[in-house]
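Report on the structure given below.
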Amino acid sequence: MNHQPLLALALLGGLVIWPVASAQADTIRLKNGQTVVGKIVRYENRRFIIVYERSSPETQATIALEDIESVEFDGRPLPPGYGGSTGSTNPPDTRPPASSTPPPRTTPPSSGSASGPSSPTTPPATRPPATGGSTGSGTGSPTLTRTVQVIARDDWTYTQLDVRRGDRVRISARGSIRLDNRRQSTPAGIAEDDPEKLMPGRPTGALIAVIGDDNDDYIFIGSAREFVAQRSGKLYLGVNEGDLSDNSGSYEAQVEIQRTP
């Protein structure tokens, strides 16, 4: 069976070229060697939103343009937000609403935050997708699951999930990122000194989390972690490192939230 050439992404002067290709699904190949197969449904803020069509219900991931090596497009019209009808190659300059703004990247205080939990927030408008694993513990409590690409250069990645106090949260992660031109890390992190990282007592480059956009009580995740939420708010994931500007790649995190009865 003959295939047309893969989609070329030419990052020269901000120009992105989309030739037409035919395939069963869109395929995004990341610079860290991972491959994501599904349907690209939107492009905004220099990020592709792709849906894994073979999962039920569908699982959604967000991937930054800077972390993409190549894309194989199935010949459908360009995804919304990319300006395909006008021929424009510049993505729209959209920003998330203030309520979705990630927390500031600051050095944590010497002790944990003493502030209480914030008011419960509204769950995502879209139906939370399943990740293929167990969807509950048999107690009848609803469970929300999502696959998230944690971009190494971003301060925080919003999981599109809101946590309520008392929820049981399970997070597992895989993949590898580059901390600079000589250091590489997995979600478990590496033994490397970094006086500016958010959790000084934890490995550099490790996966960490925080609940709420006004909180500095960081949670170490590593390769896998299960915990009970002590407050309510939006769930963010990030990398335990002080300077993220020279990072590249992403972790793939599976997030599961079991609601309290």
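Including glycine, each Cβ sits where the backbone N, Cα and C put it.
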Worksheet item: TrEMBL tags one of 162-181, 242-261 as region 'Disordered' - which one?
Response: 242-261
Item to complete: Could you give the residue numbers and ranges of same-chain residues that sit at least 6 residues beyond the region 'Disordered' (242-261) on either side and whose C-beta is under 8 angstroms from one of its C-beta atoms?
Response: 30-32, 34, 61, 63-64, 66-67, 105, 107, 131, 133, 136-137, 139-155, 159, 161, 163-164, 166-181, 187, 194-198, 207, 221, 235
